[in-house]
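**Q** Straight from TrEMBL, here's the annotation block:
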- A:4-176: domain 'Electron transfer flavoprotein alpha/beta-subunit N-terminal' (DOMAIN)
- A:ARG195, A:THR220, A:ARG221, A:GLY252, A:LEU253, A:SER254, A:GLY255, A:GLN256, A:VAL257, A:GLN258, A:HIS259, A:ASN273: FAD binding site (BINDING)
Amino acid sequence: MAGIFVFSEDPALTRQLLTPGLELKRALAQPLVALTRSSAEAGALAGLGADRVVLLRGAGAPEALAPAVAALASAASVVLVGGTLRGKHLAAHVAATLGAGLSTDARTLRVAEGRLETTRILYGGLAVGEESLALPAVATVPPRTFPAPAPAGAAVPVETLDVAPDARVEVLSTQPAAGEGVDIGAATRLVAVGRGFNARADLDLAVDLAGALQAELACTRGIAEDEHWLPVERYIGISGQTVKPELYVAAGLSGQVQHMVGCREAKVIVAINKDERAPIFEAADFGIVGDLYTVLPLLTAALKD
Amino acid sequence: MPNILVCYKWVLDEQDIKVRPEDLGLDTSRAKGKISDFDRNAIEAASLLVEAQGGDVEALSFGTQALKLSVKDVLSRGPGRLTWIGDPAAETADAFVVAQVLAAAIRRAGPYDLILCGEGSSDMFFQQTPVRLAALLGLPCVTFVQKMTWADGVLTATRKLPDGTEEVRVAGPAVVSVLGEMNKPRIPSLKQVLGASKKPSRELPLASLGLAPGDLEPRAVRRTPKGFLMNRRNIVYKESDPAENVARLVASLKAEGL
Ligand SMILES: Cc1cc2nc3c(=O)[nH]c(=O)nc-3n(C[C@H](O)[C@H](O)[C@H](O)COP(=O)(O)OP(=O)(O)OC[C@H]3O[C@@H](n4cnc5c(N)ncnc54)[C@H](O)[C@@H]3O)c2cc1C
């Protein structure tokens, strides 16, 4: 059956996908089909403008449902998948099965001349590129790119389908991250740290500055993923968090594009780096060339005065 | 003793790409090539595995003739041999085409116990090639791997999830994509660099892979990208007296109402 199919294992993201889905439905005059794994969510989706809601019943990891989703959407014009790690896996499998193009992390989606046109980020954030995809086409959409649609019309009935997951990959155990549940995205001020810090204990300098500024602590990927000095939910960038604070103080971080793409909408960016040629200075409103071990304590003291 | 294939992409170093302020075009004239960042982690992972328990690592890449520049670099990082396909079609290839080409080359040269790829290339970051390869080759796939071990033909891997990790097990052959945090890619020693020139590398013509014209037709067509320009004030305090710099910064922040 032709149609626009949306899927995410994350209920909030499935709802967000309905917004571009409804646009594509209008443009292509085809039904909108929402696939979900959550029975609680299926009812909610039914009242949000989808023409069909299919509850996929079957054990296994979400990406293991890829063959089943591909079979279900075998005649789809467009398949939209929530751009989580698992979603990206599933989407690539579906695209390969359909022999379709796939736009990863599409920020905009529209139909023109019978093709799906998307925009996405390239070169780690240095550029924005447009892609034009033949139908059938698949796209993944990052979380929070679109708001969920408002309730519309009568709720459609929910269909239930038993699906067999790809059982070749056996899940032995799952460990939740030892996160603190902090929402960096909500902070109005951030002090971000990078590899200019020599040791974990030295982050106290940034903690003190954050205290004086009433800011939250953020970091680069290396600090979170390689050093494990701060939890992963605090790292900013293309593969981390996107933030929009009033003030972003970057200390001892170089300002590579993959990091800056996550904070470039900050109102004011301040850089502290000992290397005058560090790219962070081009991305900053104000900067100090100097050793963070000298500058941060002075700055903290000056702000407390 | 696994027989490992590791795929890599030769990309422009994004640090050397400049955005032209006039038209937001990308100036790549000074950009050097590099092995895509996460592919270096994949190569390192493969090399560490066979250095510890024996086996073979072969590298595979599809790109333009510029790939020739990568041969020594790749072979000095551990793989025992290299197969590469250099063709202008790589210029406009999307992930669909790349996977068709790599899968065709793998079908000819394989089988392999493990096929390793990076999480995504540092230029396009499509994050599709490993999964597409697995689908085309009919193999299971484990993505976003942080840690892995191989024993008796079985891969045990720790995958990253948005809110934690997951341990999985899969019998080989399988396709795996590795994350940047998996390891620190080596800086090849002089001995490794010299050894690289003795290792075999062969170029496979694209035409020899027996692909249909449709297999080489991108499903996603890219338009010329537009650069993103930072529009910031770039006021930098760099007096020799740190206290002076700090005082000026604090004054500036006050003036901003911060
Ligand atoms: C595909 C891809 C995705 C990526 N995604 C992300 C992402 O989401 N987020 C992210 O952050 N990175 C990401 N990266 C990595 C990114 O490219 C950079 O490598 C990283 O952001 C650099 O981290 P850093 O600034 O901490 O370290 P470095 O680049 O090593 O910078 C350290 C800086 O500290 C300065 N310094 C050193 N000592 C001092 C001192 N005593 N006082 C003052 N300054 C000092 C140095 O001059 C230097 O500029 C990604 C990379 C790739 C390829």
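Glycine is no exception: its Cβ is also placed from the backbone N, Cα and C atoms.
Remember, TrEMBL labels are computer predictions, not curated facts.
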**Q** Sort out the sequence-distant neighbours of A:ARG221 (FAD binding site) for me: same chain, 6+ apart, CB within less than 8 Å of its CB, listed by position.
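**A** Spatial neighbours, sequence-distant, of A:ARG221 (FAD binding site): A:TYR235, A:GLY237, A:SER239, A:GLY240, A:GLN258, A:HIS259.
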**Q** How many other Cβ atoms sit within 10 Å of the Cβ of A:VAL257 (FAD binding site)?
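**A** The Cβ of A:VAL257 (FAD binding site) has 22 Cβ neighbours within 10 Å.
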**Q** I want to verify one value. Collapsing DSSP to three states, which class is A:HIS259 (FAD binding site)?
**A** helix
**Q** Looking at FAD and its recorded binding residues A:ARG195, A:THR220, A:ARG221, A:GLY252, A:LEU253, A:SER254, A:GLY255, A:GLN256, A:VAL257, A:GLN258, A:HIS259, A:ASN273, figure out the farthest C-alpha pair and report it in angstrom, whole number.
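**A** In whole numbers, the farthest two Cα atoms are 18 Å apart.
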**Q** So if I measure Cβ to Cβ from A:GLY255 (FAD binding site) and keep only same-chain residues at least 6 apart in sequence, which ones fall under 8 Å?
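**A** Looking at Cβ-Cβ distances below 8 Å from A:GLY255 (FAD binding site), excluding near sequence neighbours, one finds A:ALA271, A:ASN273, A:ALA278, A:PRO279, A:ILE280, A:PHE281, A:GLU282, A:ALA283, A:ALA284.
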**Q** Please name the residue among the binding-site residues A:ARG195, A:HIS259 whose C-beta has the most neighbouring C-beta atoms within 10 angstroms.
**A** A:HIS259
**Q** Including all protein chains displayed, how many Cβ atoms other than that of A:LEU253 (FAD binding site) lie within 10 Å of its Cβ?
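**A** That number is 27.
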**Q** For the binding-site residues A:ARG195, A:LEU253, A:GLY255, A:VAL257, A:HIS259, which ones lie near chain B, with a CB less than 8 A from one of its CB atoms?
**A** A:VAL257
**Q** When DSSP is mapped onto helix/strand/coil, what comes out for A:ARG221 (FAD binding site)?
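**A** Its secondary structure by DSSP: helix.
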**Q** Looking only at the domain 'Electron transfer flavoprotein alpha/beta-subunit N-terminal' (A:4-176), what is the mean pLDDT?
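**A** Overall, the domain 'Electron transfer flavoprotein alpha/beta-subunit N-terminal' (A:4-176) comes to a mean pLDDT of 95.
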